[in-house]
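Enquirer: Just dropping this structure here.
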Amino acid sequence: MSQYGHPGYPQASGPTNQFPQKGALPYGQGSAPPYPQSGTSPYPPSGAPLYPQASHSQGGATAYPPGNAPPYTSGGAPPYSQGSAPSHLPGGAPPYPQGGTPSYSQAGAPPYPQQGVPSLHPPGGAPPYPQTGTAPSHQPPYPGQDVNAQTRPTAPSRGPSPAPPGQNPYPQGTAPYQPTGQSPYPPLAQGASHQQGAAQAPYPGAPPYPGQAANRTPYQAQGSGYPGQNMPPTGPSAVGGDRVVRPGTDQFKTRVEITLECRNLLNKDILSKSDPCAVLYMIQQGRWYEVGRTENVKNNLNPKFSKTFVINYFFEEVQKILISVYDIDNVTPQLTDDDFLGQVETTLGQIVSNSPFTSPLLLKNGMKAGQGVIIVKAEEIKEGCETALLTFRATKLDKKDFFGKSDPYLEIQRASADGSWQVVHRTEVVKNNLNPSWRPFEISLQKLCGGNKQQNIKIDCYDWDSDGSHDYIGGFVTTFNDMAKAVQQEVSWPCVNQATKAKKKSYTNSGTILLTSCKIMKEYSFLDFIQGGTQINFTVGIDFTASNGNPSQSSSLHYINPYQPNEYMAAIKAVGEVCQDYDSDKLFPVLGFGARIPPKMEISHEFAVNFNPQNPYCSGIDGILQAYYNCIQHVQLYGPTNAAPIIQHVARFAQTAQMEEPSKGPHAYFILLMLTDGVLSDMSNTRTAIVEASKLPMSLIIVGVGQADFNDMNILDGDNGVLRSASGEPAKRDIVQFVPFRDFRNSSPVELARHVLAEVPKQVTDYYKMRGLQPVKKPEV
């Protein structure tokens, strides 16, 4: 818990001015939100809608008056016999009459095992029904009244899906079901949760964080050597996160860096050569998914790609890899409108055991793609934590253009173990200049020289030509040890063209390349920050719009099936169980949007799911699921699907944490898990909210629930380009990961968590690097 509340929520005054202890409900002693004071109800006055003739006994001791359990008709009318209690109150186990056996044969007959026979549910009964031996009902919970009149189109039934024989569909004792005999609702108040008349701290109260100066400078053509690209210079694309520990061991995963090269590609362009790009795929849960793409190399049938891929290597797994090569002729991210140049399917094991791995490229019919071949190299990444910020310039370069000066760029290569050269970086092109200065760029020492500062590095200078026939100006070979001398002063090398030197005795050089600055920086890992005390603050946002369907119907996405969790619950559990390990107090805010909420049944796009806006925290993942289960019984699903308010809500607290960084260091990072069943109604506002959040210690995970078309949601994920706000401001960082839950429906929940959280470690380190912050060293004991 942060020092400013948790993390930023004002603390309430009165005797419950403490957050709940581990394992407790996030309410004050005896209080039961949504009931703020003894005897106060979130429902309309007696006799008014939503529930007719509803009242509460004195002191709020019972949720509904005896014999009149809204939303059921007076006197306990069918489907409940007179005197029976509503479905989740102590003293009975409706939806069955007391002692109840309707719809099912007595003594727990099938489909429920006889007393004493193992059940699919945790010992002691069939939650969420508190009494032992009672059976769940599949009737709508509100026979006389449908508070969710707007239902989604008919969908396939989400009926029971039995667990394997002898196994519980839920881990023993886990939410959303309560221990035997307990209600899933918070305990009802015996007295007010706060002293009568005591002032409540307002929530949230904080104004939106002040606007920051927009950085409207678009990404430049760095790292390619060719103009027109809009990707910034980056390190290797990572698969699987940052130094994740293998389950059951204390060993880090082995990571390998994959580099690609092609020769003799098919030429698909009539007036020029192909512009190849390689796409790498891996198998996940029986289907191919895209790991990443290289840069496009224009007018080149023998490309050496500088973009690399980092893959976690497991000896005990068959890790299939597919590499496809395309001729890119447009700026769209889709590959269906680009020419296919060939592909190869192999395994990571074959690549690492035969590096460099060479294979002919094949067409989709299995025939060879002409003489095209692909060369794949894999090198194990040694643990290294240094990067270099390099700034180059040149003087008196040779003039290579007939009608103008040269258009120079630098290409940097490192020596490979097999004696070949591997491209690791290309600068941008400086047009019409014989004395160019290139922009500074950052590169890890692992990528630049394999972590070996004495390894040879070759730097070549070219004159860029639009037809791809770039003219070689000259170059030199050096080591990082020599380059590091630029930490103190400028270092220079003659730019020599060996072919020209062999022809002309009078030749000296083709100019001079100078390294004006070399700054060596320590690269901190995700675990460096976590071990330094950075807390991951996990918040959940849940879509309660009417398009989810009536929760009483099995076709609803919010339907509570006693045999298996719905998609909302499964996603919360999968992602939350990972995140909760990085939060010391295990108290998580849970927010809802798109529903009418009690007591006035007004539409809200930013409400506490536990109905306690002063203290919206739930204790652990079980507490989140319990609050969700409770909420779905009391709200009316409505709309529209507006996500921006919740993103801005979390961003306010991230802004507070950012303001405290000068004194506290990198102490808090925020992850918002947002679950929605459809495309957002406020896409423009959401984009703007995300761009603002990209400046803050915050990441956003969006899980699409149900069968909707989520294609438009992919624009929020910056994997295919830089996300921009409605005004055109680019995001500072890529902080969004979007996935449809259906892609993981038949997978282990671990796979969903692994996929959506894979980018979080890099997002954390990128943010603190952008802010120039180092991990806080914990005091030695």
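Using the three backbone atoms N, Cα and C, a Cβ is placed for every residue, glycine included.
From TrEMBL, for reference:
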| type | residues | note |
| --- | --- | --- |
| COMPBIAS | 120-130 | compositional bias 'Pro residues' |
| COMPBIAS | 159-168 | compositional bias 'Pro residues' |
| COMPBIAS | 169-183 | compositional bias 'Polar residues' |
| COMPBIAS | 189-203 | compositional bias 'Low complexity' |
| DOMAIN | 233-361 | domain 'C2' |
| DOMAIN | 368-494 | domain 'C2' |
| REGION | 1-248 | region 'Disordered' |
Enquirer: Restricting to the domain 'C2' (368-494), what is the model's mean pLDDT?
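Expert: Within the domain 'C2' (368-494), the model's average pLDDT equals 90.
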Enquirer: Counting by DSSP, what is the helix, strand and coil composition of the domain 'C2' (233-361)?
Expert: 6 helix, 59 strand, 64 coil
Enquirer: How does the domain 'C2' (368-494) divide up by DSSP, counting helix, then strand, then coil residues?
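Expert: Within the domain 'C2' (368-494) the tally stands at 13 helix, 63 strand, 51 coil.
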